[in-house]
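Positions annotated as transmembrane segment by TrEMBL: A:20-39, A:51-72, A:87-107, A:154-173, A:185-206, A:227-249, A:255-278.
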Amino acid sequence: MSAAAPSLTPRQIERRFLLGLGRAAGGAVVFSLPVLMTMEMWSLGAGMDRLRLLALVAALLPLLVALSHFIGFEETDGWLDDLRDGLVAFAVGFVVSAVILSLFGLIEPRMSFDEIMGAIVIETVPASIGAAVAQGQFGQPDEADHAHDRAAGYWGELVFMATGALFLSFSVAPTEEVDLIAAEMTPFHMLLLALVSIAALHLVVYMLRFSGQESADPEGAPGWSVFLRYTLAGYAVALIVCAGLMWAFGRFDDLGAVAAVRLLVVLGFPAAIGAAFARLIV
Amino acid sequence: MSEADDGPAPRPVARLEWAVAALGAALACGVLGVLAYEALTYEDGPPELVATVRDVRATAGGHVARFVMENRGPSAAAEVTVIARLKHGGAVVEERRVTLDYVARMSSREAGVVFERDPATAELELRAASYRRP
């Protein structure tokens, strides 16, 4: 049991948590609305291969814990605190998804358990990430300064980039439009899009370094090193996230290797943009 | 900063926070458990599409027969075409077609067909004719 700080009464502690819970719910709604209002997502939850849905949830939980760790506002946070924060985010995401889906009339008692649970679980992915980000994003006034000073470190950067990539590509991954865009593009377009994705990512990484926020990096590290360790690693993380999503959603089934790579590059664009801006936002 | 010597004090944790975390743990375990169970017991097979008439009502626009298309099989079906026929003495007197966008496995969808004749005076036949893998 942790001892309460002398300045806070138990009542204040509960109140502070309730406020945090409200923030988390708000974050969950903001992050999940684009996904909640996409038709492909509802049917996906019901029809998705159970093993892949299981893999998605199994990957989500460590990501939530890692997010809580790297955006947590206290340096003293032990693994138990991170685990607790991650589970709170999962609970908030799950409940928010269930409430909004019922509000839309998309889950009803006459539907099968499979269908209801599948829909909620799919929506829980962006919702709980939103909850985790909101939980850590706006710290209490006295802790806010501290929060922003804390360097997340290299692994933290990668977790943020993965989160951003997941957020922006999640709502796009199950749509037909990815196929259509990939079909419209010539190999030359593809190459250009991949290069633009990398350039956009590098631009943001570079801007952050300039504004002095890249505290994890020693001053005066050569440009190529930053390019390799942040930009290219970030693009790789974005592509891995995309590949995971595409596999989970069954988009790679019945596809040849070249067609799969084409889809990956198309989806990699929003993922790279998401990865870049995650670092600006979180 | 003030507590630099004896180590920083842990953040006080609300009891409610533990409760919500416990809820999260229960939900996560429940979801993982159910999904693992379903993944382990899953057997591949075609969708099993069974149509049942719910009711028939005479409206100003004709006789509306509402039916439920149930998928009892292990896989989902998209673009399910349903053929509804009114038969009178072996001969088809009216035929209607409906396409259902999506019927998830172990789930059902409701739809309707409109006949000119009262289906009560004839034999109503309803069945799924085709589907596409989603």
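From the backbone N, Cα and C atoms, a Cβ is placed for every residue, glycine too.
Fewer than three CB pairs closer than 8 A are found between the transmembrane segment (A:87-107) and the transmembrane segment (A:227-249), and contact between the two stretches is not assigned (pairs 6 or more residues apart). Counted as Cβ pairs under 8 Å, contacts with the transmembrane segment (A:185-206) are highest for A:255-278 among A:51-72, A:154-173, A:227-249, A:255-278. Just going by CB pairs under 8 A, the stretch in A:51-72, A:154-173, A:227-249, A:255-278 that sits most against the transmembrane segment (A:20-39) is A:154-173. Where the transmembrane segment (A:255-278) meets the stretches A:51-72, A:154-173, A:227-249, the count of C-beta pairs under 8 angstroms peaks at A:154-173. A Cβ distance under 8 Å defines the sequence-distant neighbours of the transmembrane segment (A:154-173), meaning residues of its chain 6+ beyond its ends; these are 31, 34-35, 38, 41, 63, 66-67, 69-70, 125-126, 129, 133, 216, 229-230, 233-234, 237-238, 240-242, 245-246, 249, 251, 267-268, 270-279, 281-282.
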